[in-house]
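Peer 1: Would you mind keeping the following structure in view while I ask a few things?
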């Protein structure tokens, strides 16, 4: 479990949204409260978030973005190629990290063990220490509330931040909307 962050991704009817809290913890100390752990990739057509160490995040984001470019924006192909590279590289294989990536068609959880997991519902995924809280809140809100996709992500992360001591409520989101 990564005691550093909560990232939530939601693929709704009209928008895909990723959000993350801003807390960076080191042991039992909060080092920073306004970190940004999510990114827009592929000219804003792909969103990504990271749970794990910050130094590892930059390396993995760059590696994923390069594979995304070489696959001409094909998220599925990039995710599979990324997972293969991550798994077979001696250094990267030791990283304890996870990523969420999504576009308007897919949402994937990627891990250093080679996993490429699409959520069963194809809509909601979460990682990090508050991930289960955010995931539970998002599922309940998606089923019982009529919130905009971005508000659903923000509300779910707010709930996680109120429960998980490694998650704060300084929430950042990025959105991909359907092209009109």
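Here, residue 1 is simply the first one shown, and the rest follow in order.
Cβ coordinates are placed from backbone N, Cα and C, and glycine is handled just like the others.
Straight from Swiss-Prot, here's the annotation block:
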| type | residues | note |
| --- | --- | --- |
| ACT_SITE | 5 | active site |
| BINDING | 161, 164, 167 | Na(+) binding site |
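Describe the structural surroundings of these features, if you would.
Peer 2: Around the Cβ of residue 5 (active site), a 10 Å sphere holds 30 further Cβ atoms from the protein chains shown.
With a cut-off of 8 Å between CB atoms and residues at least 6 apart in sequence, the same chain places 5, 6, 21, 23, 128, 129, 130, 133, 157, 160, 161 near residue 167 (Na(+) binding site), listed in sequence order. Residue 167 (Na(+) binding site) carries neither a helix nor a strand DSSP state and counts as coil.
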Peer 1: If you take the centroid of the Cβ atoms of 161, 164, 167, the listed Na(+) site, which other residues of that chain have their Cβ within 8 Å of it?
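Peer 2: Residues close to the Na(+) site, other than 161, 164, 167: 6, 21, 23, 129, 130, 133, 134, 157, 160, 162, 163, 165, 166, 168, 169.
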